[in-house]
């Protein structure tokens, strides 16, 4: 592969395609002029000027180099870069080793710390703290409410601050809070801890989506997002085994659930410090060699989503709320997360109410984790292999829908069918990395990306807020309204996923017609353009 040196290009007079249809949010043309580079070009000299011309007013404005993607500034003095497919594959493997294991560890601990309360509920937490079932439901509510309200602020901070350092700080702080759960004596104390935990954990998923999109091509992203999202399934398995082992603890100094919180809290603190010290903020500041950094940047041109820009742009922020895909994705994530809340917070209680003992219940939550792992691996593999994110998502949702139907409508004496249904419902949460990959691949413009990630996670929180509310004390032990809610909301998610795919197909075809015969604008990939502003952009579905 040969990449031209951006600094030595002559004046570019071709225009980006103009779309004056109502569906075009920003009807403007871009004229990009690159100054011929010389050996005396100073660091503070302007590399380029962009003129944004509004079709109606003809007003012209200037955008400074800092408004473009950071990758363009990094490449400004580079010569022709040549690398082979073998070189690229070697680099991708190195990137995988450098960041993917830590991303998995972060998400593993985030999910583990979130579901420890689930295991603790059958280890004596309710009795030891004097909580009722409805109060236990409110713990999950408190966590997700704070998670929801902190998403937009954390997205802003994530753009303004070094991404990995900000993520590592949040991991460390939530590890401290998890550790403090072991000294909570009552419901008010646990509520305070859950609220603060939600604030700090709100940075995790959007940061990992952002990091994945700044290192990998769009067709590589589903597999990587699936790998770090495997933390949910492995956390379920490991957490169940640890909880089961602690049930044999008989000393009087601590409760078993207190030891569990202490163990995972200390591990989380250690991982958070590691992230701060060793995790790269972006390809340009990583430990890769200079040649590898150039290759890591250049190979992402085809994404057209850029790498990073630390300047918050209000026009990109507002564009999120004018984009149809924002609302479709929000409904899909929110509706599917209602059942995800049931599994992450109430699976142990559901299984125990089938008639199993406490020890049997802890062991019987393990297959749910196995189902999660298998469905994540299969779904993300198919999405990446065949470039079919929406179809893979629908398939996973259908498996979860079958599980919800078995739990809700199987005969009450058929314990095996209901147990199988509870396991299959884990598939619904396995669609989340695919939805993350849709957002990561189809949103361009750094401010728009961090805002859209926040919207997706706020929708996730909304679903997780509503989910626990369907589990009421008066519905014990069957919780039939909650099970019917799972069936209904997963059905809604399937319908809207079909609608999202249809929208992407329609929009791509519309752009194909608009762009016929138009010339590619060199380096437009790194001008921090949004997906709607750049008609060369095509949506993945």
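Cβ atoms are placed via backbone N, Cα and C, with glycine included.
Whatever TrEMBL says is automated annotation, not expert-curated.
Per TrEMBL, the listed range annotated as transmembrane segment is 390-411 (candidates: 302-323, 390-411). Transmembrane segment is the annotation TrEMBL gives to one range among 102-126, 327-351, and that range is 327-351. For the ranges 483-506, 507-530, the feature annotated in TrEMBL as transmembrane segment maps to 483-506. Only residues 6 or more beyond the boundaries of the transmembrane segment (227-249), in the same chain, are considered here, and those with a CB under 8 A from a CB of the stretch are 100, 103-112, 115-116, 119-120, 123, 208, 212, 256-257, 259-260, 263-264, 358-359, 362-363, 365-366, 368-373, 376-377, 380, 426, 429-430, 432-433, 436. No contact links the transmembrane segment (423-443) to the transmembrane segment (255-279), because fewer than 3 Cβ pairs that are 6 or more residues apart lie under 8 A.
The transmembrane segment (450-471) makes contact with the transmembrane segment (139-158), as judged by at least three Cβ pairs under 8 Å among residues 6 or more apart in sequence. Sequence-distant contacts of the transmembrane segment (255-279), counting only residues of its own chain at least 6 positions beyond either end whose CB sits under 8 Å from a CB of the stretch, comprise 99, 102, 105-106, 109, 112-113, 116, 119-120, 123-125, 128, 164-165, 167-183, 242-243, 246-247, 249.
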